[in-house]
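Novice: Heads up, here are the entries from Swiss-Prot:
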- Ser112, Ile113, Leu114, Pro115: (6S)-5,6,7,8-tetrahydrofolate binding site (BINDING)
Amino acid sequence: MKPLNIIFAGTPDFAARHLQALLNSHHNVIGVYTQPDRPAGRGKKLTASPVKELAVANNIPVYQPGSLRKEPAQQELAALNADIMVVVAYGLILPKVVLDTPRLGCINVHGSILPRWRGAAPIQRALWAGDKETGVTVMQMDVGLDTGDMLLKTTLPIEDSDTSASLYEKLAEQGPVALLQALEGLANGTLAAEKQDEALANYAEKLSKEEARLDWNKSAQQLWQEVRAFNPWPVSYFEHQGNTIKVWQTQVSETTSTAAPGTIISASKKGIEVATADGVLTLLNMQLPGKKPLNVADILNARGEWFSPNTRLANEAQ
């Protein structure tokens with residue numbers, strides 16, 4: 001297969017993994033687009049994206065326009081004369097004139113099995129909803145949000161032990177493999193594009209810190225899914241004794257209870273069992289303010305009086 005001249009557009013670590021795969025391939029990455037440097041850390045020092053750092057380390061020209069809607073930026077991109085543009089978690093909207101510029105157009109690697117979970121947080125929403133599988137879709141980009149024709153799909157079972165962090169790692173490995181397969185198919189003309197079924201489409205909205213508050217009026221099953229979805233960010237939590245307590249790991253208990261939602265049923269080194277609207281949730285790993293995450297046994301040693309049976313955990317901030 002003849003090497004393709006590729007423009008790569010991406011910003012976070014997930015995107016950098018895909019850029020590295022292209023750099024390891026026989027294709028030519030002729031330019032990299034990434035978001036402008038942002039203030040980060042306590043000193044708010046301007047910090048380059050992981051994609052920029054990788055591009056600079058490999059002596060690839062880097063472009064960081066604040067927008068691709070203006071003609072000078074579009075002309076600069078067109079001057080690269082790329083065969084194709086690969087977009088992975090870039091963060092800027094690509095207008096139609098940009099999508100039409102490369103000979104083979106623009107393709108995107110998305111962390112879900114489209115058309116399910118279009119949008120910003122597909123990995124987290126798959127866990128949040130209790131999906132049994134997820135995967136990667138490589139699509140031909142159009143002007144919509146993740147609405148383009150699908151070129152290649154891979155699937156991955158979601159395990160009970162998975163969190164957003166672990167799924168992210170799995171998809172960050174699966175995505176680059178799918179990307180290289182799709183590029184080969186595009187170059188050879190062997191890929192058959194598949195339209196997305198709009199009837200099956202839904203949107204993966206960004207997570208919020210407010211959404212991470214545990215609502216004991218939900219089912220134990222749903223709360224278990226949410227704790228996994230919100231790990232490592234924004235991390236599920238509840239308010240108790242005037243403190244915000246983060247919850248990193250739970251499981252659905254086989255215990256049954258008629259107690260009011262939010263009531264502690266039992267507390268032992270095996271876990272703190274809390275009644276919900278449907279079922280009992282066992283808290284296994286938590287984080288007290290200013291402390292590291294700890295197993296419940298250690299939490300009870302430090303603050304056992306907070307978690308006595310029949311204590312009611314608040315649904316709202318106290």
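Here, residue 1 is simply the first one shown, and the rest follow in order.
Heads up, the Cβ atoms here are built off N, Cα and C, so glycines get one too.
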Novice: Neighbour count, 10 Å Cβ-Cβ cut-off, for Leu114 ((6S)-5,6,7,8-tetrahydrofolate binding site): what number do you get?
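Specialist: Around the Cβ of Leu114 ((6S)-5,6,7,8-tetrahydrofolate binding site), 26 other Cβ atoms lie within 10 Å.
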Novice: Give me the long-range Cβ neighbours of Ser112 ((6S)-5,6,7,8-tetrahydrofolate binding site): same chain, 6+ apart, Cβ under 8 Å, in sequence order.
Specialist: Arg118, Pro122, Ile123, Arg125, Ala126, Thr134, Gly135, Val136, Thr137, Ala204
Novice: Is it possible to get the count of other C-beta atoms within 10 angstroms of the C-beta of Pro115 ((6S)-5,6,7,8-tetrahydrofolate binding site)?
Specialist: 20
Novice: Determine which residues of the same chain, besides Ser112, Ile113, Leu114, Pro115, have their CB within 8 A of the center of the CB atoms at the recorded (6S)-5,6,7,8-tetrahydrofolate site, and list them by sequence.
Specialist: His110, Arg116, Trp117, Arg118, Pro122, Gly135, Thr137, Asp146, Met150, Lys153, Gln196
Novice: Count the Cβ atoms, other than its own, that fall within 10 Å of the Cβ of Ile113 ((6S)-5,6,7,8-tetrahydrofolate binding site), considering every protein chain shown.
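Specialist: 21, counting other Cβ atoms within 10 Å of Ile113 ((6S)-5,6,7,8-tetrahydrofolate binding site).
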